[in-house]
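What Swiss-Prot records for 1-26 is signal peptide. Look at Swiss-Prot and you will find C91-C115, C457-C470, C519-C548, C533-C560 tagged as disulfide bond. Per Swiss-Prot, the feature coiled coil maps to 130-252; the stated evidence is sequence analysis. Taken from Swiss-Prot, the feature domain 'MRH' applies to 455-562. Residues or ranges marked as motif 'Prevents secretion from ER' in Swiss-Prot: 580-583.
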Amino acid sequence: MVRLNLAVVALAAGALSASASASSSATPLRGLLTDAAKYQPTKDAQSQLRWKCLDGSKELSWSAVNDDYCDCPDGSDEPGTSACPNSSFYCHNTGHMPAYIRSSRVDDGICDPECCDGSDESDGKIRCPNRCEKVGKEYRKKLAELDNLRRAGAKVRDKYIAEGRKQKELLHAEIAKLEIEVQVATENEARFKAELTRAETSDKALIDAKVKTPLYTKLVDYQNAIRALHVKNAALKAELQTLTLLLDDLAKGYNPNYQDMAVKGAVVAYKEWRGIASAAAAATATGEVKEEGENNVDQIAGENTKLNELLDEGDWPWAKLSTLLSDDPLDLMDRGLGGALDDKRVYASETDGGLLFRIHEYLPDGIVPYFEAMVDTLLDVLMKANVITDVKRMRPKSSVGSESEPETVSVARRAHTDAAAHLSRTTHELSSLKQKLSEFSTRYGRSAEFKALENKCFSKDMGEYTYEYCFFGRATQIPNNGGAQISLGTFTNFNPKHDKSADEDAYWLQQIYARGQKCWNGPERSAIVDLECSTENKVLDVFEAEKCIYSIKVATPAVCFPPQQQQAQQTQQDGGHQVKDEL
């Protein structure tokens, strides 16, 4: 009977041991995710539960896990205690957001706010209530408020984007206009340069005679007419594009509820002219009707067929017309007389090999004027006898430095100087505008949303000083009790740490203002500007974070990015885990 009782006791003890082992392997460990597959024990030959450190350095009894003694070098055996200094404790926070805290804060007698479920304190030193339901409710309420704020700010941001795109289109039109002006100025400079060369190398009487002919006058008039028509056409194109942008804004912002039939009729007629109304009707017929407010920036800019037809240059583009202006009228007249008169024309220049026109190079300076007079007399006799009909001669340069140049040369030189100066100014202006255009995506945001804020300033009174912040301008410290203003720097760039890509929203959330006024016995002042989403622009806070380095917090709708995009980036930054502290 005694033996039977002992056997029963042994069986019961074995069953309890097996049940405890099974329970220990099935119960989630404290301080771990519920699906922590790496914390699963194995049985050895004696059916004892064993477990290896995550770094593989040791094998322990399963009972050594979370026994408040650090056995593993990597601290992986104590996820739920403070025994290992470098490990992390996982708070489930059911009803709120999970979080990790350092293991040294476990069972330290302090209720950590990150663990709203109180799981970090379980040794009886202090009782931490489970506040996750309340905290989660407050967090979700705050999240909804932030989302509403972001959506309201995003609508203002859309207006900034529309304004930025409008300014970009105007800049494109101005560049196109200047490109034509540069082309015309280049041709004028070349023409005046040729006239200067001709004035310096040709006989004045012959040129004056040609200039007075009706043919020369007609050629000049035709070329001037072509240039004037081209400039006028370019100006009309630019004005057409500008008016189209203005009407786009009217069509986009028009409110039909005001029942202004005149404006409504004008908007409907304009949409029909642009083809927008037909496109909208087609979209309605196919069921592709977007929600109100969605894609409101690009609603008008889809159809440009009518505008492109008006801007098309047809069979006579400027590249073709410019060929008619490349020749000087005098050269055209000379070529027009070619063929029948080539055998009678005599050309002479410094490069001609004829001895008649180079003999003065071998004569003493005092005899050269008499020789030139004799040559002129001979040429006049030949021309009157119809032996030759035309002559171009280069007279030898006078060795007398005080002799003034002919009036025709002076006039031609002044005209060429003015044309060259105009070309230089126009080219510089065009280069400057192209530089501004290239900065749109790198300076004013991915969608040019910051362009509308350029040089707009906002200030905040901080007691002793008032701080003024200007978008893409200066940051200034202004004493409230009088005194000189101090520059904290001018805008330099976004992303001062150079650790993010322009495709990321976080890239546009921080600016640096550098090269401010030098501190006394210190470096130049600078400021780091942190931007956050809001429905209005304002300076929130300013303080001197380090010596001569200021921190400025600014609210602006320009950084109210689409919520889905920001949430995806936030998840990526957190390594795929959404971890939130208590608000």
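Heads up, the Cβ atoms here are built off N, Cα and C, so glycines get one too.
Here the CA atom of C91 (disulfide bond) lies 32 Å from the CA atom of C560 (disulfide bond). It is 21 Å from the Cα atom of C470 (disulfide bond) to that of C519 (disulfide bond).
Taking the Cβ of C533 (disulfide bond) as reference, residues of its chain lying under 8 Å away and at least six apart in sequence are, in sequence order, L149, R150, G153, A555, T556, P557, V559, C560, F561. The two recorded residues C548 (disulfide bond) and C457 (disulfide bond) have their Cα atoms spaced 22 Å from each other. Minimal Cβ crowding within 10 Å, among the disulfide-bonded residues C91, C115, C548, C560, is found at C548. In this view, the densest Cβ surroundings among the disulfide-bonded residues C457, C470 belong to C470, judged by other Cβ atoms lying within 10 Å. On its own chain, C519 (disulfide bond) has R525, K547, C548 as residues at least 6 apart in sequence with a Cβ closer than 8 Å to its own Cβ. Distance between Cα atoms for C457 (disulfide bond) and C115 (disulfide bond): 43 Å, as a whole number.
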